[in-house]
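The following features are taken from TrEMBL:
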type	residues	note
TRANSMEM	21-43	transmembrane segment
TRANSMEM	91-111	transmembrane segment
TRANSMEM	131-149	transmembrane segment
TRANSMEM	161-183	transmembrane segment
TRANSMEM	213-234	transmembrane segment
TRANSMEM	352-370	transmembrane segment
TRANSMEM	443-462	transmembrane segment
Amino acid sequence: MANPKQEMPGRGRRPHGIAHHPYRTLAAAFAIWKVFLVAVVVGSCVGDAYDTSASLAVSRDSILTRFASWDAVYFVSIARRGYRFEQEWAFGAGLPVALRGVIQVLVKFGLIDGGSGNSQRWALLETAVGIAWANTAHFLSVLVLYRLGRLLWRSHPRGELFSLVAGLLHVISPAGIFLSAPYAESSCALFTFGGYLLYACSCHAAKPAASDGFLVLSGLSFGLATVFRSNGILNGLPFAWEVATLLPRLVQRQKSPPGEKRKRERADTSRTATTVRRVLALGIGGAAVGAGSLIPQAVAYRRFCAAPPSGAEAVSVPRPSWCDGYLPSIYAFVQAHYWNNGFLRYWTLSNLPLFLLAAPVLVVLAVSGVGMMRRAGTGSTGSEPGRLRGLIRAAAAAQVLLGLLVATNSHVQIISRISSGCPMWYFWLAERVLEGDKWGRRAVVFMVVYAAVQAALFALFLPPA
């Protein structure tokens, strides 16, 4: 499956009927799924929410309050008045900035009243914009994932159906309600899939200059994903992977007969120039991915550390301890200090149920990731199919690494929602479904049931989240 020339299941059969109208199928499935989740949320309104924090930002009587649970409270609040409290720096700036920008555009064109007005009504508007943004990003990510599959396996007669099933699986992702609420997961998935799509375009580009340009654009897209969610930084792995395969070429020199020495030297010079340009493009793209994480950290360092308070203010506002660390990162400090994230900190007996709840997604990430890496096989990285295989291996390795990091360093239950931005497991599961594998069917049933229960608990402000 991972090899662009490998046979797909059911090769040679006539395409399934739904594959004739893929976008219509994806749109219909998306609409039905969202209506189902909204129905679950509305049904949960018969009971009071366990925590009423959302009512501090949104009117308690509004159905939208049920979508503003858990981290959504932070995102909506930050969008309104910026980062005010230290713990808020655990949340990426991408979504708050996007929501603020959309609202400013609406005000500029007179679509909404830009006056201060009622604070509750304004908060309601911010939540509504956040919901609209999240759902739009989710729908676009479904389409981009479908296009990515078509490009990765475009030589297969059933590649369209294969990609369509992957897109449908992303519709019913275990992230569930988190892709509909004011959360960053759907945006991270959109820019992640977009980055992989642009990288795949680089692999298919006929001209080296176009190929290098797509690499830079891919890095920018991955960088945006990282601004929304910090785990987007793992998307830098494909760039590092390809650089590692290209560097040996810069020192390789092929032997040639004496009569062809000059011709070989010219070929080596041309090849070296092309390789150097490719490495430069990969470096720029990789730097763009890293910038998505470093720039917000630099902003926080400048605010809290570069210009410390003086005089009476210095007594009331001491210099944060993280400013003097070897790697002064407010994100790392906040995650450890306020959320107790760290190596094996979550490994307690009381958290065992959460590990069991996260186990299905962790297993799928690990099994599909290792399977995709193995099946990608080996091949000359000098050929375009070889580059595609490298891209698939790197993407699969990134999802395995994500699962490992979450299982050992984070609140393990979040894997169900942040895995939504990993493309390769959707393709792996799509193959299982097309082959009629019983584990594929069971995985789909689990995703639907899990998302339904999760939506009800989320609306009631109950864990897990």
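In case you wondered, yes, glycine gets a Cβ from its N, Cα and C as well.
Between the transmembrane segment (91-111) and the transmembrane segment (213-234) there are 3 or more Cβ pairs closer than 8 Å, counting only residues 6 or more apart in sequence, so the two stretches are in contact. If you look at the transmembrane segment (21-43), the same-chain residues 6 or more away from its ends with a CB under 8 A from one of its CBs are 63, 66-67, 135, 138-139, 142-143, 146, 160, 163-164, 167-168, 171-172, 176-177, 180, 451-452, 455-456, 458-459.
For the transmembrane segment (161-183), the neighbouring stretch richest in Cβ pairs under 8 Å, chosen from 213-234, 352-370, 443-462, is 443-462. Long-range neighbours of the transmembrane segment (213-234) within the same chain, counting only residues 6 or more positions beyond its ends whose Cβ lies under 8 Å from a Cβ of the stretch, are 92-95, 184-185, 187-192, 194-196, 198-199, 201-202, 205, 278, 281-282, 284-293, 295-296, 331, 398, 401-402, 405, 418, 421.
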